[in-house]
Structures are given as C-alpha cells and as structure tokens.
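Inspection log for the structure reproduced underneath, given as structure tokens.
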Amino acid sequence: MTDTAVESRPPTRPAGPAAPPLRPQNRQFAVLAVLVLLAVPLPLILPPAQGAVAVRILIFLIMAVGWNIMSGFGGMFSFGHAAYFGLGAYTSAYLLVEHGVSPWVGMAAGMVVAAAVAMVIGYFSFRYDLKGAYFALATFAFAEMLRLITTSSDAVNGAVGYQVPLIQGSSVGQLQFPAGSPAYFWIALVLAGGAVALSILFRHSAAGRYVVAIRDDELAAASVGAPVMRHKLLTVALSGAITAVAGAFYTQYYLFIDPQLAFGSSVSIEAIVTAVIGGIGTIWGPVVGAVIVGSLSDVTATLLATPPEFLSFLQGRSGLDVILYAVMLILIVRLMPKGIFGTLAEKVAERRRR
Amino acid sequence: MTATIDSDAPETRAPSATVAVLKRAGVVGALVAVAIAVALIQSGSGIVVWQSVVTGLLTGGLYGLIAMGLTLIFGVLDIVNFAHGAMLAVAMFLSFGVVAVTGLHPYLTMLVTVPALFLVGALVHRGLLSGAGGATLENQLLITLGLSLLLENGLLLFLGAEPKNVTLPGETHLDVFGAVVSGSRLYAFLGAVALGLVLYWMLQHTRLGTAIRAVASNSPGAELVGINVRRIHTLTFAIGAACAGAAAALAVPLLSVTPTLGEQFNITAFVVVVLGGMGNVVGALVGGLLIGLVEQLTTIYLDGQSSLLGVFVVFVLVLFLRPQGLFGRRT
C-alpha cells in the first residue's frame with residue numbers, strides 16, 4: 001500500500017560516481033539510527049514536565065508500531081489491542097508484586113503471554129473466517145472480556161489493580177529510578193527503537209512480504225502457495241508481543257496499573273488513532289502519530305489550566321485533547337487516508353519521479 | 001417470510017425458510033429454558049430467578065430498541081456505526097435538557113429527539129460517510145469511531161461529567177406475579193415493541209421500505225430500476241439515528257445521563273445486532289430480549305462477575321459459530 005509507493009522507486013536511478021542507493025531497509029535503519037541518536041540528549045535539554053511527555057510519546061509509539069504491524073501491514077483491523085497492552089502490563093506487574101520477579105523478565109513473559117493469546121484469538125478468527133467489521137468486533141470483545149475478568153478476579157487484585165513496590169535509589173535490574181530520571185526516557189527510547197527496527201525487519205522479511213500480499217489479495221496469495229494461516233498468526237503474535245512491551249513499561253513508569261488503564265477501550269483507541277494519524281501501513285507513520293497524539297493532551301492541559309479569554313468557560317474541563325484527535329482522525333481519514341507521513345512520502349516520491 | 005431486510009428469498013421458498021426459522025426459534029427457546037432451569041437449581045429460589053427473567057426481558061427490550069437503528073444501518077449500508085452509542089447519549093442530553101427547560105413529560109421529548117437525531121444522522125451520512133472517503137470498511141470504522149469520540153467528549157467538555165437524572169412523573173411499581181417492576185421499565189419495553197412493529201411495517205409495506213430493502217439486497221439493481229441509492233442510504237442512516245432518538249426519550253427516566261453512557265450500550269447493541277442477524281429489525285428485538293436474559297442469568301451463574309461477561313461469551317460464540325445471526329441464512 002503506502003510504503004510500497006515509497007519504496008518502489010526504480011533502482012535504475014542515474015548511476016553516477018556516488019555509491020549505489022541503499023536498499024530500502026538499510027536506508028530505513030539509517031534513518032532510525034539518526035532519529036534515536038538525535039533523541040538521546042532530549043531528557044537533558046527538556047524541562048522535567050516535557051520529559052514526561054517525551055516518555056509518553058515513546059509508549060504511544062510502541063503501541064502504535066504494534067498495532068500497525070497487525071492492522072497496517074496485515075490488514076487485520078484490530079479494535080482490541082488493549083488486550084495485549086494489558087496482558088503485558090498485568091503479567092509483569094503480577095510477577096513483580098506477587099513473586100518479586102524482575103520487570104525485565106516480566107516484560108518478556110508478558111510478550112510471550114500476549115503473543116500466545118493473540119495467536120489463539122487469531123486462530124479462531126481466521127479459522128471461522130471473521131472478516132472486516134466482524135473481526136474488529138471480535139478483537140474488541142476479547143479485550144473487554146479480559147477487562148471484566150481482571151476487574152472481578154481477586155487473584156490479580158480485582159478493580160484495585162497493582163501498585164509497583166517502591167525501592168530505594170535506582171536500579172536498572174528493577175527498572176526503577178527516581179521520578180524524572182532521564183533513565184526512563186533512555187530505556188523507553190531503546191524499546192521504541194527496537195520496536196521500529198523489528199517492524200522494519202518484519203516489513204522486508206519473507207513473512208512480511210507474504211502478509212502484505214495476503215492483505216492485498218488473500219485468494220491470489222493463497223493460490224500461489226503462500227501459507228496464509230501461518231503468516232497471519234506470526235503477524236498477530238509479533239504485533240501482540242510488541243504491544244505488550246508498551247504495557248509492561250507503562251506499569252514501571254507510572255508505578256500503577258488497574259483493569260481500566262490496562263484493558264480499557266481507550267487504550268485500543270489510542271493505538272489506532274496514533275497509527276492512523278501518522279500513516280497506516282507505513283514504517284514511520286506510528287512515529288509521526290505518536291509525537292502528535294502523545295503531546296496533544298499536554299498541550300490541551302496547559303491550555304485549559306490557564307485558558308485564553310474566549311475559552312475561559314472551559315477552565316478545568318477535560319475532553320479537549322480527545323476532541324482534537326477525533327477531529328484530526330476524521331479529517332485525515334476523509335482527506336488524506338494515507339496519514340500525515342504516508343501522504344507526505346507520496347508527494348516526495350511523486351516529485352522525484354518527475 | 002423472514003423480516004430480514006436483505007431477504008432475497010423468492011416467494012416460492014418462503015415456506016421452507018419459515019420452517020427453518022421456526023426450528024431455530026425452537027432451539028433458542030429450548031436453550032433459554034435449560035438456562036433458566038440451571039439458574040433455578042443454582043440459586044434454589046424461584047422468586048429470584050423469576051425476578052431476573054422479568055428484569056432481563058424488560059431491560060432486553062431496551063437493548064433491542066437501541067439495536068434496531070444500528071441493525072438497520074448495518075444491514076442496508078454495511079456500516080458499523082460506532083457512533084450509535086454516542087448519538088444515543090446526545091439524544092439523552094437533549095431529552096434531559098428539554099425536560100429541564102420546559103418541564104415536558106419525558107416521553108414527549110421524543111417530539112424533539114427523533115427529528116433532531118434524524119437530522120444529525122442525515123448530516124453525518126452526507127457530510128462524513130458518503131462518497132469515496134467513506135468507501136472502505138476501515139474508513140467507515142475510523143470515521144464513526146472518531147465521531148463517537150467527538151460527540152462523547154464534546155458532551156463531557158461542554159456539559160460536564162456529573163450524572164443527570166430525569167424522573168418519570170407518576171412513577172409506579174407494579175407486581176408481576178411476585179416480581180417487582182418499575183413502570184418506566186415496562187413502558188420502555190412496550191415502546192420498544194411498538195417501535196419494532198412500526199419499523200417492520202414501514203419496511204414491508206411502504207414505498208420507502210421497499211426501496212430500502214431493494215437497496216439492501218442489491219444496490220446496483222435498485223439503481224437500475226430508478227431508485228436513488230445515495231438518497232436511500234442517507235435516509236436509512238437518518239432513520240437509524242432517529243431510532244436512537246426514540247430510544248433515548250423512552251430510556252431517559254431509567255438511566256443516569258452521562259456523556260459516556262453510550263459506551264455500555266454500544267457494546268450490547270453490537271452483540272444484539274450480530275445475534276439478531278444484521279439488518280433484521282425483529283431479530284434485533286428478539287436478540288435484545290435474549291441478551292437481557294443472558295445478563296441477568298450471568299449474575300446468578302457467576303457470582304461476583306460482571307453481567308457483561310456472559311454477554312461477551314455469547315457474542316464470541318455467535319461470531320464464530322453463527323456470524324449470520326440466529327435467524328439469518330448463510331450467504
């Protein structure tokens with residue numbers, strides 16, 4: 001879809017004395033490396049409040065990358081990514097609080113659990129051929145079931161949720177630092193960079209190419225021998241695992257998780273909106289979307305705390321950030337369905353071709 | 001004959017279709033009977049189960065009422081309207097506002113909410129969903145999702161989160177063979193049945209209804225015989241939204257009005273739509289009753305679990321095993 005348009009630049013560009021053009025994935029890795037390097041000094045430059053926004057942007061970024069793999073590349077429109085986010089959050093919180101297991105191990109365990117659950121949900125959905133709206137509704141139903149079950153299960157503290165036990169000082173092994181420490185940002189940066197790198201790798205792997213082909217025409221892909229079920233399951237598992245990382249890190253950063261924060265439908269919606277605003281089915285769309293959506297609530301919070309004259313009646317109200325991204329979502333779907341990054345990339349590619 | 005909008009069965013096949021529907025209704029009835037019997041054994045108290053059944057059916061009528069508009073839109077336009085619950089919330093606030101300002105009887109606010117929501121529906125369809133931008137399923141999901149966020153948070157931003165209540169003048173409590181039922185719940189149920197009949201009659205016996213069914217079953221064919229498909233789509237969406245308006249006026253004495261009340265009904269309404277078969281108005285009513293029962297029985301079976309859990313279990317089973325709904329046919 002979108003990124004094929006970007007990458008299908010003919011390889012027969014005028015071959016000057018310059019080095020041959022990089023393969024698309026190498027170019028994308030290079031861009032990623034530059035972005036990560038540029039982001040490293042951010043927490044030292046930004047004031048503490050903005051540092052928190054930066055971390056939130058990275059959490060959104062990981063979620064959106066996860067969603068994009070399944071729904072953007074794979075075309076399987078998920079409305080229930082809260083399930084995987086929540087499983088990541090709850091697995092690591094449960095292991096940490098009840099058994100004292102390091103959050104890193106918990107994060108890995110959460111990835112495994114989320115991937116397994118994604119494969120089970122995926123298997124049944126594909127087996128019974130749920131498509132389009134039905135698939136979206138089914139994923140939504142599973143996320144809601146997990147929310148209801150955790151809310152009423154005493155084994156995971158029910159509606160109260162988990163509070164991460166505080167430790168003295170900072171510890172990389174326990175993934176805990178004093179509030180406002182730049183270490184949180186750097187760890188999130190590594191995780192987010194890893195997620196984007198995985199999504200680049202996946203997009204250009206055999207499995208990724210198969211999945212995009214299956215998305216574009218399942219019947220045709222199956223008829224030339226693409227193992228449809230296997231590749232779809234691989235895709236949902238990867239997507240679930242990446243989203244679980246965001247959940248596990250979220251718990252460690254905010255030191256608290258409850259069923260609504262973990263499995264609430266707003267989590268699924270945030271993942272969707274972020275990826276769609278940036279550009280669905282592109283590598284960089286989730287990155288662009290995360291920067292916009294992640295910083296929006298901070299901007300509106302500041303605006304509503306000290307509103308200008310004509311907005312004074314809104315002082316102390318909430319909801320403005322969601323309104324803004326809802327409007328953005330509708331406008332983008334109507335006017336530039338490839339998202340901000342997808343549309344810009346297409347424009348650039350067009351200009352180059354001329 | 002089935003009441004499915006996109007029923008394209010020729011008249012000659014009608015008897016066998018009727019038999020199939022009756023058979024399935026029998027199976028569903030038997031399942032319900034078993035479920036009630038199990039609940040009886042579990043709780044050991046007849047009156048508790050009876051109260052649950054009555055409450056379940058009456059609440060289910062409300063679910064059916066809300067789902068009717070959704071199923072109409074789903075069946076004719078193939079649009080999953082995620083904003084249906086938010087539209088319901090808007091209509092509820094409208095109803096509350098009219099009662100608060102004019103002191104009108106809550107049910108009479110229908111005179112305001114139905115035309116208002118009809119207009120909203122028409123505008124939403126024309127402005128956001130028709131044309132190329134609203135063509136693919138993903139786009140429709142995303143646009144209605146965005147709209148739902150916009151409406152809900154608009155209500156939150158401008159009207160605040162405090163719940164608002166409307167009381168029915170002359171509210172009474174009735175005794176139905178030992179079960180206590182509030183008057184407003186019973187009236188909402190009766191209103192749901194009446195609205196279902198009106199919609200069914202409209203679809204089966206008016207020119208507009210015939211055109212809607214034609215568009216639902218084959219829109220290029222409908223276009224060929226001179227039906228303005230885009231106009232029918234807009235009208236159907238508007239009628240679907242107007243159903244939410246009617247439901248809001250009937251339900252407003254029963255619920256606390258909050259900006260997010262649509263969320264919970266959205267979920268149940270989708271379950272009801274899938275259960276009843278999409279586009280099937282009568283199916284929506286029956287599905288609503290069943291879901292109302294499931295909710296109440298869940299609280300008996302699984303002590304301490306949310307009543308919604310049973311609803312989702314039924315939903316997933318229906319999605320996997322009978323995605324065409326209880327009364328639909330496999331296409």
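Placed from the backbone N, Cα and C atoms, the Cβ positions cover glycine too.
Summarising the annotation, TrEMBL assigns compositional bias 'Pro residues' to A:11-22.
Summarising the annotation, TrEMBL assigns region 'Disordered' to A:1-22.
Feature annotation from TrEMBL assigns transmembrane segment to A:29-46 (among others). Remote same-chain residues near the transmembrane segment (A:29-46) are listed as 22, 54, 182, 185-186, 189, 193, 196-197, 200, 284, 287 (criterion: CB distance under 8 Å, separation of at least six residues from the stretch ends).
Tertiary proximity for the transmembrane segment (A:52-70) is limited to same-chain residues at least six positions away from its ends with a CB under 8 Å from its CB atoms, namely 42-43, 46, 76, 78, 81, 84-85, 118, 180, 184-185, 188-189, 191-192, 195-196, 198-199, 202, 235-236, 238-246, 249-250, 253, 267, 270-272, 274-275, 278, 280-282, 285-287, 289-291, 293-295, 298. Residues annotated as transmembrane segment in TrEMBL: A:52-70 (among others).
Per TrEMBL, the feature transmembrane segment maps to A:103-126 (among others).
Residues or ranges marked as transmembrane segment in TrEMBL: A:133-150 (among others).
If you look up TrEMBL, you'll see A:183-202 (among others) marked as transmembrane segment. The list of residues near the transmembrane segment (A:183-202) in space but at least 6 beyond its ends in sequence, with Cβ under 8 angstroms from a Cβ of it, reads 25, 28-29, 32, 35-36, 39-40, 42-43, 51, 54-55, 58-59, 61-62, 65-66, 68-69, 73, 170, 172, 175, 177, 208, 235, 238, 242, 245, 249, 253, 283, 286-287.
Sequence annotations record features per position, and here TrEMBL assigns transmembrane segment to A:233-255 (among others).
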